[in-house]
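Participant: Just lifted these from Swiss-Prot, have a look:
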BINDING   Arg27, Gln28, Ala29, Gly30, Arg31, Asp77, Tyr154, Ser209, His330  substrate binding site
SITE      Asp77  site 'Transition state stabilizer'
Amino acid sequence: MTTLKNDRFLRALLREPVDTTPIWMMRQAGRYLPEYRETRSKAGDFLSLCKNTEFACEVTLQPLRRYDLDAAILFSDILTIPDALGLGLYFETGEGPKFHKTVRTEQDVANLPKLNAKADLDYVMNAVSTIRSALGGQVPLIGFSGSPWTLATYMVEGGSSKEFRFTKQMMYAQPEVLHALLDHLADSVIDYLNAQIDAGAQAIQIFDSWGGALAHREYVEFSLNYMKKIIAGLQREKDGRRIPVIVFTKGGGQWLEPMITTGADALGLDWTTPLNTARTTVAGRVALQGNLDPAVLYGSAASIEKAVKAMLDDAYANGEKTGYVANLGHGITQWVDPAQPKIFVDTVHEYSAKYLG
């Protein structure tokens with residue numbers, strides 16, 4: 001196996017010393033990059049881009065050619081699992097993802113097949129192994145999945161939603177049906193992520209994008225408990241190294257204490273949670289990742305530098321020198337000038353040396 005040349009991302013997640021703060025960006029391979037748009041155009045559509053190993057590898061590597069990033073993340077979509085379960089994923093321009101079928105009854109849940117990730121999602125595993133090989137040990141590769149709760153919202157609603165009407169209706173009127181669906185999805189995610197690890201993923205992130213739509217008790221019952229089940233079922237070591245796991249619940253900064261119980265090595269934060277407060281709350285028990293508002297990248301070079309330095313000051317305010325990975329608080333948007341993320345990345349590396357040097 002190729003020796004990893006830059007492992008500071010993995011070391012930071014495990015709260016080990018690093019020489020400078022590692023950084024990657026959620027959605028770092030995306031529409032803001034002209035080379036991504038060109039590759040997507042060649043692929044024809046988004047799903048074809050995800051399912052073509054060569055294209056998926058190319059777009060994964062594109063941001064690493066522009067920026068001094070400390071990790072690559074598999075280019076794929078969180079909805080690959082529901083698609084493999086037979087719901088029929090498709091995308092409508094301007095409307096986001098949709099499914100031909102929904103899951104709204106006990107019978108719908110019972111009809112879902114058992115996922116065999118290595119067979120049903122072989123294109124994802126081919127992409128992971130191809131990207132890992134193409135990286136040549138430059139930086140670690142992150143694999144990922146959506147959380148059961150987040151996947152369930154798309155499956156029950158039939159696509160994106162702001163109110164989650166049908167999912168919350170199920171949660172309060174037929175909680176046993178929702179639990180059956182979430183349990184099925186947790187098993188599917190375990191199989192999916194373990195297959196990614198076998199294929200070469202060196203760290204895992206669970207995207208709980210819609211966990212923040214829940215009240216506290218419901219968050220624990222319908223989201224957090226299933227992420228805990230997943231983490232307990234994951235292969236945690238490969239090639240002599242621990243496979244760190246990051247849990248990111250958007251809008252979940254108030255739940256850091258219960259999130260620690262999931263067994264995750266690190267917790268992702270969005271921009272609404274002050275890093276210094278979060279550091280005090282977790283008290284060195286887990287690493288933290290985040291949390292620049294992606295909209296900061298619309299600003300001038302000076303304003304980006306100022307915001308990044310303030311974020312780092314918060315991250316290291318309590319004197320801790322380990323357990324922090326810089327990132328955005330959510331995915332980078334398509335309207336960002338590709339020159340701006342370089343300011344973010346370079347400022348993180350240069351300014352953090354003040355604390356870590």
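Every residue, even glycine, has its Cβ placed from backbone N, Cα and C.
Relative to the rest of the structure, where do these features sit?
Facilitator: His330 (substrate binding site) has a Cβ environment of 21 other Cβ atoms inside 10 Å.
Following the DSSP three-state reduction, the secondary structure of Asp77 (site 'Transition state stabilizer') is coil. Proximity of Asp77 (site 'Transition state stabilizer') to non-local residues of its own chain (separation of 6 or more, Cβ distance below 8 Å) is seen for Phe46, Leu47, Cys50, Leu89, Pro97, given in sequence order.
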Participant: Using all protein chains in view, find how many other C-beta atoms are within 10 Å of the C-beta of Ala29 (substrate binding site).
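Facilitator: I get 24 for this one.
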Participant: Give the maximum pairwise CA distance in Å, whole number, for the residues Arg27, Gln28, Ala29, Gly30, Arg31, Asp77, Tyr154, Ser209, His330 listed as binding substrate.
Facilitator: 23
Participant: Given the binding-site residues Arg27, Arg31, which one has the fewest other C-beta atoms within 10 angstroms of its C-beta?
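Facilitator: Among the binding-site residues Arg27, Arg31, the lowest count of other Cβ atoms within 10 Å belongs to Arg31.
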